[in-house]
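S.K.: Take this structure, written in structure tokens, and hold onto it; I'll ask about it next.
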Amino acid sequence: MNIFQQLINGLSLGSIYALLALGYTMVYGIIKLINFAHGEIYMIGAFVGYYVTNQFRLSLIPTLLISMTICAVLGVLIEFLAYRPLRKSTRIAALITAIGVSFLIQSLMIYFIGADTRPFPQIIENTNYDLKLFTISKIQLIILSTSIFLMILLQMIVRHTKMGKAMRAVSVDPDAAQLMGINVNHTISFTFAIGSSLAAAGGVLIGLYYNSIDPMMGVAPGLKAFIAAVFGGIGIIPGAALGGFVIGIIETLVSALGFTAYRDAVVYAILIIVLLVKPSGLLGKNVKEKV
Amino acid sequence: MKKIVGLLFASCVLLTACGNPGGGSGGGSNKDTSKESDTIKIGLNLELSGAVAAYGNQEKEGAELAVAEINEKGGINGKKIELVIKDNKSDTAEAAAVAANLTTKENVVAIIGPATSGASKAQIPNVTKAKVPVITPSGTDDSITVLNDKVQEYIYRACFQDSFQGVILANYAMDNLKAKKAVVIGDVSSDYAKGLSTSFKDTFTGDIVADEKFNQKDKDFKAILTKIKDKDFDFIYLPGYYEEAGLIIKQAREMGIEQPILGADGFSDSKLIDVAGKDNMNGIYYTAHFSEKAPASDKVKQFIDAFDKKYNKKPSSFNALAYDSVYMFKEAIEKAGSADSEKITKELASLKDFDGVTGKMSMDKNHNPEKAAVVIGLKNGEEETADVVKP
């Protein structure tokens, strides 16, 4: 078994999970909500990419930008319509709404465009680069570099911009942040916009990678990315990225060892072990909740 | 934090658990009301949406063409056929519910479908209770018609069965491709693929150098393919449906695995080529029920023309099998002299030398038609070879 090759396979898959996990973790960090509709935004991102490339024959970067913009707007819209009215309600109410939104988007997509799998337009001529130790395809390189670029960009936004500062402030204490003159609603909308655009990028990249998209494609990766976020410590941005990569690599290695059929079970089992040993996740700090 | 995660898991488990509506409580047959009607109601229980919607929609087209032809010529015994079309959403539980609905609410005299094996099996209890005969056009799993050595009284099929396909493919690999070393990459989540794997392994006398497994809905096969890449083998045997098979073919060819890939009739959909990409579709072989290049009878040309006229495209195996299914019922109803479900069932069992577009067939004692298979070979996504293989 070529371990380096398997690592590359795992990293390509993992970077998509990481992109998705970032959205989960940011939204959770700021309003303590598990946004279950996140996987569906990823799916919509892939479909926007599909229509944009088919209709206008655009290359990858404009496709990514358009898809990310549309999904950012969609994310803000979902927050505004579905989650904002429930912000003062119990967490479980918001959670169930999120699950509802997820099913709603799936059903609407199936109703309007059908449940069929579609081939994603191949806008990149794929070639393999043989690097002796392993071969890496052009698309794998694009996936890795795009996601790492986006992650660094996100880290810059959170660390060094005013909006980033506001996000961090709101995540610590929304009421205090409001008293200091931060517009909490804008900050939350901004968080949804960024998270959704990352998911959209993941969707387009996965469409390109596998060449097959369908309205149910967001379900499994959405759940895996959620696991990745919890795994790395939900609410912690580097944790989500790390969790994504780790889950991708674990999945690939489990398949490589010949247990493909039990792949998901192994991922869940590892999650449970991590939660038992370190409930706050890999990068999480143990914070005692105040009563 | 801990609590939320726990809650989430609980809710996920609950959600999946709720996904199966009860299989429908069909039963009490009151078909007497429909006996004297002036139409013959045939139900279609097909995958019109969901994972394998392509199969169901093609069968719907085939059946509709046959019904249109029959009705144009005056129907069966002077009665027109009326199709009752229901979508089972590619879901086994839904297929059972649809069967209950067709037999108890719609009072159909016979059912065609579903297209896939799992769904076909799911409806057996309901149609058996209602005593309504079924022909599944493309459900190839052996246990559809014979379960635990007992022939299912009301279930028939228009296609050959999996064990037969596995045997044909193993023989084709050994005789036509002169191959000795196989890699098996099998779907473990469908009865269809499991049946194909078993019969292949029982027949193939060469070495099986690797036996890999995957699940339906998987998208990433790079790990498996990386593992087998450096092994010494002559071909890949790939029992599975077109969605996963397309992805496997694409990923394998992109990684430089050039060996022939053999599959069964689950390959026969243009989506396979769309997903895998035309340039990757080289050295792909699969068993088919029907090919224009190897016409099984004189009726084929007339069928292709009629199909082309109605839908403006070439017919596929699924089109052809559903078309044959309707004509099989027609012959059974004509011989029975009435559209009584029980009588139709009896006549189907003794169907002999029926001349369908997918070949000449006779029902054996296990309700499987004895007919020839075609192995199709693709080059750049185009049909290059078609070999008729007689049983």
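Every residue, even glycine, has its Cβ placed from backbone N, Cα and C.
Found this in TrEMBL, in case it helps:
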- A:6-26: transmembrane segment (TRANSMEM)
- A:58-80: transmembrane segment (TRANSMEM)
- A:92-113: transmembrane segment (TRANSMEM)
- A:133-158: transmembrane segment (TRANSMEM)
- A:188-210: transmembrane segment (TRANSMEM)
- A:225-253: transmembrane segment (TRANSMEM)
- A:265-284: transmembrane segment (TRANSMEM)
S.K.: Could you check whether the transmembrane segment (A:188-210) and the transmembrane segment (A:133-158) come into contact, where contact means at least 3 Cβ pairs under 8 Å with the two residues of each pair 6 or more apart in sequence?
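M.R.: The answer is yes, given that the two segments have at least 3 Cβ pairs within the 8 Å cut-off.
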S.K.: Which range wins on Cβ pairs under 8 Å with the transmembrane segment (A:6-26): A:92-113, A:133-158, A:225-253, A:265-284?
M.R.: A:225-253
S.K.: Please indicate, using numbers and ranges, the residues of the same chain that are 6 or more beyond the transmembrane segment (A:225-253) and have a C-beta under 8 Å from a C-beta there.
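M.R.: Distal contacts: 6-7, 9-26, 28-29, 34, 36, 38-39, 151, 154-155, 158, 171, 263, 266-268, 270-271, 274-275, 280-284.
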